[in-house]
Amino acid sequence: MKYIIAPSILSADLARLGDDVKEVLDAGADVVHFDVMDNHYVPNLTFGPQICSALRKYGIEAPIDAHLMVTPVDDLIGSFADAGATSITFHPEASKHIDRSLQLIKSRGCKAGLALNPATPLNVLDYVWDKLDMVVIMSVNPGFGGQSFIPSALKKISALRAAAVKNGRDDLIIEVDGGVKPNNIGEIASAGANMFVAGSAIFGSDDYRKVISSMRSELEKI
Ligand SMILES: O=C(CO)[C@H](O)[C@H](O)COP(=O)(O)O
């Protein structure tokens with residue numbers, strides 16, 4: 001299985017974001033995870049499409065995974081697609097019309113996904129399987145980096161992988177976000193995840209290559 005490592009720029013050095021993102025990609029990361037927080041859906045405020053576009057202008061060519069922790073959702077979908085996002089995910093509680101928001105993302109040529117909070121059940125996916133490229137299992141409550149992985153996420157990841165297969169979606173990307181570290185990435189992957197967001201574990205280290213390599217060597221053991 002192809003495993004995707006996506007550093008969350010929430011924990012990057014924001015005063016030198018372009019360089020920090022280049023460094024983490026040079027160190028072996030696959031995707032830039034871009035946390036968008038609005039101080040409304042979540043109690044924190046980060047960055048908007050201008051920063052995404054600035055990263056593109058700075059020469060970042062890797063996929064950018066925009067995780068919208070905002071409400072309302074739809075107005076920002078077009079802005080992030082224009083700004084160069086490759087995939088856009090949002091929280092079902094944040095959109096009045098989940099199916100419409102997913103369609104909007106796909107119509108702009110981006111991969112589409114739903115992000116499920118720790119207490120959000122999987123049945124929200126029941127009627128939109130055909131519109132999902134990815135599902136984000138939040139293994140922390142959204143809003144802040146540096147929190148601990150919530151263990152019940154493992155059971156949820158396994159149930160999601162089984163449901164995806166049952167619904168003919170063996171290709172579904174299962175992204176896990178929150179508290180991912182070299183010492184738990186193996187069990188998270190074994191449960192069925194194939195994309196891993198890690199903020200503090202990577203950007204909090206002074207050797208990005210070493211952390212990413214140790215994550216990859218844990219993944220190779222599976
Ligand atoms: O979406 C997020 C918080 O809402 C972050 O992406 C997530 O918490 C990653 O940070 P860390 O790896 O430090 O837990």
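Backbone N, Cα and C atoms are what each Cβ position is placed from, and that goes for glycine too.
Annotated active site, proton acceptor per TrEMBL: ASP35, in sequence order. Here TrEMBL flags ASP177 as active site, proton donor. Annotated substrate binding site per TrEMBL: SER8, HIS67, GLY143, PHE144, GLY145, GLY146, ASP177, GLY178, GLY179, GLY199, SER200, in sequence order. Taken from TrEMBL, the feature divalent metal cation binding site covers HIS33, ASP35, HIS67, ASP177.
Feature map: annotations from TrEMBL on the structure.
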residue : record                             : Cβ within 10 Å
SER8    : substrate binding site             : 23
HIS33   : divalent metal cation binding site : 27
ASP35   : active site, proton acceptor       : 24
HIS67   : divalent metal cation binding site : 28
GLY143  : substrate binding site             : 16
GLY145  : substrate binding site             : 21
ASP177  : active site, proton donor          : 27
GLY179  : substrate binding site             : 23
SER200  : substrate binding site             : 17
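DSSP classifies GLY143 (substrate binding site) as coil under the three-state reduction. Measuring Cα to Cα from HIS33 (divalent metal cation binding site), none of the binding-site residues GLY143, GLY145, GLY179, SER200 fall within 10 Å. In this structure the C-alpha atoms belonging to GLY145 (substrate binding site) and ASP35 (active site, proton acceptor) are separated by 10 Å. Other than the site residues HIS33, ASP35, HIS67, ASP177, same-chain residues with C-beta atoms no more than 8 angstroms from the centre of those residues' C-beta atoms, the divalent metal cation site, are ALA6, SER8, LEU10, PHE34, ASP65, THR89, ALA115, VAL136, VAL197, GLY199. A helical conformation is recorded for SER200 (substrate binding site) in the three-state DSSP classification. In this structure, the C-alpha atom of SER8 (substrate binding site) lies 10 angstrom from that of HIS67 (divalent metal cation binding site). Within 10 Å of GLY143 (substrate binding site), counting CA to CA, the recorded positions ASP35, HIS67, ASP177 contribute ASP35. Note: the Cα of HIS67 (divalent metal cation binding site) and the Cα of GLY179 (substrate binding site) are spaced 16 Å from each other.
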